[in-house]
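Structure in structure tokens, see below.
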Amino acid sequence: MEESPLSRAPSRGGVNFLNVARTYIPNTKVECHYTLPPGTMPSASDWIGIFKVEAACVRDYHTFVWSSVPESTTDGSPIHTSVQFQASYLPKPGAQLYQFRYVNRQGQVCGQSPPFQFREPRPMDELVTLEEADGGSDILLVVPKATVLQNQLDESQQERNDLMQLKLQLEGQVTELRSRVQELERALATARQEHTELMEQYKGISRSHGEITEERDILSRQQGDHVARILELEDDIQTISEKVLTKEVELDRLRDTVKALTREQEKLLGQLKEVQADKEQSEAELQVAQQENHHLNLDLKEAKSWQEEQSAQAQRLKDKVAQMKDTLGQAQQRVAELEPLKEQLRGAQELAASSQQKATLLGEELASAAAARDRTIAELHRSRLEVAEVNGRLAELGLHLKEEKCQWSKERAGLLQSVEAEKDKILKLSAEILRLEKAVQEERTQNQVFKTELAREKDSSLVQLSESKRELTELRSALRVLQKEKEQLQEEKQELLEYMRKLEARLEKVADEKWNEDATTEDEEAAVGLSCPAALTDSEDESPEDMRLPPYGLCERGDPGSSPAGPREASPLVVISQPAPISPHLSGPAEDSSSDSEAEDEKSVLMAAVQSGGEEANLLLPELGSAFYDMASGFTVGTLSETSTGGPATPTWKECPICKERFPAESDKDALEDHMDGHFFFSTQDPFTFE
């Protein structure tokens, strides 16, 4: 902490010190409560010091403590905290004014408290005056401040307990609301999940419906293609059938032509065979003729010889050869005639071959056409089967589609209803959640208000508790002062008892001297009374015997044998009244000595203390003990006895000098002492009784 003049921070927005008392008791620790404004960041280097009011520098502190840094802070809210100053470091009591000052780590004063003093408590500070709440009476009650503070502390504690119970109830309600919100959120999540699953199912059904629709469209297109193909094939089949019919007609015509050509060829073949048979026969005949010619040549050769012989035969043969030549010519002519037939046959054969080839080609074309027709018919049959299958499948798909449409429409209606129900449920849940969130927000706000009030009440309770502790400390200090005063009174009591013992000794001495003097005077008067007894009767009331005290002592207990005339019970609440004057009974004769007058002075002092009935008697009579009681009661009893009997007699009862209550003479002395102790201030009971 560097030394620097006090730089006062502005009071607005600065540190605010709470419940600063005007006076503090020394030798007791002091608790300082303060509030940091919103936005202030507390630091461990900040400190709170006790300064004199006129201090102008931060180094002029009397003592200081480091500020406490809270663990958790809320942005935008003030910070309440406190520190304690130990009793050993506090200033000494006096009239000097002090104040708390908050100094930050830069050495700037951020706030200061009202001035206060350190001084010992005064006796009157312990009492406070209370007025009646209704104002119906003018009675003022004077009660100890500790009682009032204790009542206020009890009320604050009760209010704090009520607030804590209310806080616990609110926390329980908030917990229930949170659990309800969590259940609703879980239900909403489940509903959303179910809605998502239903939407996924709906999307799956939509996709399957789209796929089925696409497949149906594809099948419809395929069916259209197949129908178009079937129509094309039917047109092709019809065209091919027409072509086949045309080819069949042409083939039939060609067959007829082939048949005619075949018949003609057969005829030609028959003719050719006949011609060939004739040719072969002619050739055979030619060969036979050639052989015969050869034979003839041989025969000619033979016949040359035999020419002559056979010239005729040769002529014949020549004729026969000529005939044969004519036959051969005819055969050749016939062969020549057969050449056109051969050509015609060859042409017919070629035409038959070409017709056969054409028929073969037509047969092949017809076979290919038949195969194409069969193939087309088979393809048509297969197409018809496929179309039938496709139609069956389309019918099945149509039925399935209708069923799917029905089911889909039902599911869609159900899904729409469930979606609507879920939407309504979600809207209700959303409204419920909004309402619950609003209620939770209100509860949080109210809880925050309650927390703020509770914190404020806690701070005020802590401050009141601190004040109560301080008041209790003051009361303890006052109690110590009273104990010291009581010890002083005990010492004074001991001194008074010592003085009473001395006085008792002096009174015994004076009584003995007076008794001796009275005995001497009696003897002298008895001697004189023998001569004039009548004169004694006239002055009988004036004789010293009438005023002579009976034998007494400070520890006298009285003679037994008599019962009380009418004892009364002592009231616990007794008003001290002035007792009957005792001094007339104690007046002695005019011829008492100086010692007698001195004893009378001592007794007069004691009787005056009793007659005053004031605060001095209340304080002194209990300490005087049994000596004064015995003396006072002895005087009373003796005087009354002498008055009634005309001479000294044994007292039959004792009387309280304050309330005139009588006790038997044989009763214990402690009973009278306890009775008289009940009249005075210092007793075993509580000196104050408050309602």
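Here the Cβ of each residue, glycine as well, is placed from N, Cα and C on the backbone.
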Can you dig out which of the ranges 275-301, 518-544, 626-652, 653-679 Swiss-Prot describes as zinc finger?
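Result: 653-679 is the stretch Swiss-Prot calls zinc finger.
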Is H675 (Zn(2+) binding site) helix, strand or coil when read with DSSP?
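DSSP assigns H675 (Zn(2+) binding site) to helix.
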Count the Cβ atoms, other than its own, that fall within 10 Å of the Cβ of C659 (Zn(2+) binding site), considering every protein chain shown.
18
